[in-house]
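Annotation comment: Swiss-Prot describes Asp21, Asp23, Asp25, Thr27, Glu32 as Ca(2+) 1 binding site, evidence class sequence analysis. Taken from Swiss-Prot, the feature Ca(2+) 2 binding site applies to Asp57, Asp59, Asn61, Thr63, Glu68. Sequence annotations record features per position, and here Swiss-Prot assigns Ca(2+) 3 binding site to Asp94, Asp96, Asn98, Glu105. If you look up Swiss-Prot, you'll see Asp130, Asp132, Asp134, His136, Glu141 marked as Ca(2+) 4 binding site, on the strength of sequence analysis. What Swiss-Prot lists as domain 'EF-hand 1' is 8-43. Positions annotated as domain 'EF-hand 4' by Swiss-Prot, on the basis of sequence analysis: 117-149. Among the features that Swiss-Prot reports, N6,N6-dimethyllysine is placed at Lys14.
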Amino acid sequence: MAEQLTEEQIAEFKEAFALFDKDGDGTITTKELGTVMRSLGQNPTEAELQDMINEVDADGNGTIDFPEFLSLMARKMKEQDSEEELIEAFKVFDRDGNGLISAAELRHVMTNLGEKLTDDEVDEMIREADIDGDGHINYEEFVRMMVSK
């Protein structure tokens, strides 16, 4: 996954890694991670810090080296990309920009995609995604529907 990063991104992440790696030994410990987190206004417990490290500690040595850090950053960026893609997709459906997808908006987009749906089929799609029962699909409902596919 780290292969998808540009040289510029890798250089930026190397700088960030150096900020975490206080003693310059090439690894980030829970202590170093805690120091940086606290400087950013967070107050994680020792267990939370260990969990964060364990999440990316591929070789299981209890610390994060630069390749592990790059892997974490690449994963976070990929999550960010898919979030942006969902927002863009939602905007396509939400034609009037009111933050809700109505049956008419859904029907219009589906028709433009070549899907000829009956009113009942469109209503059924809305009902399936419409968790709060207001007759429209809001962004959270849209995300839940897209992610559960």
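For all residues, glycine too, the Cβ spot is worked out from N, Cα and C.
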Euclidean distance between Cα atoms of Thr63 (Ca(2+) 2 binding site) and Glu32 (Ca(2+) 1 binding site), Å: 10
Nearest of the binding-site residues (Asp57, Thr63, Asn98, Glu105, Glu141) to Thr27 (Ca(2+) 1 binding site), judged by Cα-Cα distance: Thr63
Any further residue of that chain within 8 Å (Cβ to the Cβ centroid of Asp130, Asp132, Asp134, His136, Glu141) of the recorded Ca(2+) 4 site: Leu100, Ile126, Ala129, Ile131, Gly133, Gly135, Ile137, Asn138
Lowest local Cβ density among Asp21, Asp23, Glu32, which the record lists as binding-site residues, within 10 Å: Asp23
Between Glu141 (Ca(2+) 4 binding site) and Thr63 (Ca(2+) 2 binding site): CA-CA distance (Å): 38
Thr27, Asn61, Asn98 as binding-site residues, winner by CB count within 10 A: Thr27
Residues near Asp96 (Ca(2+) 3 binding site) in space but at least six apart in sequence (CB under 8 A): Glu105
Within the domain 'EF-hand 4' (117-149), residues counted as helix, strand or coil by DSSP: 20 helix, 2 strand, 11 coil
Helix, strand and coil counts within the domain 'EF-hand 1' (8-43) (DSSP): 23 helix, 2 strand, 11 coil
Cα proximity to Glu141 (Ca(2+) 4 binding site), best match among binding-site residues Asp25, Asp57, Asp59, Asn98: Asn98
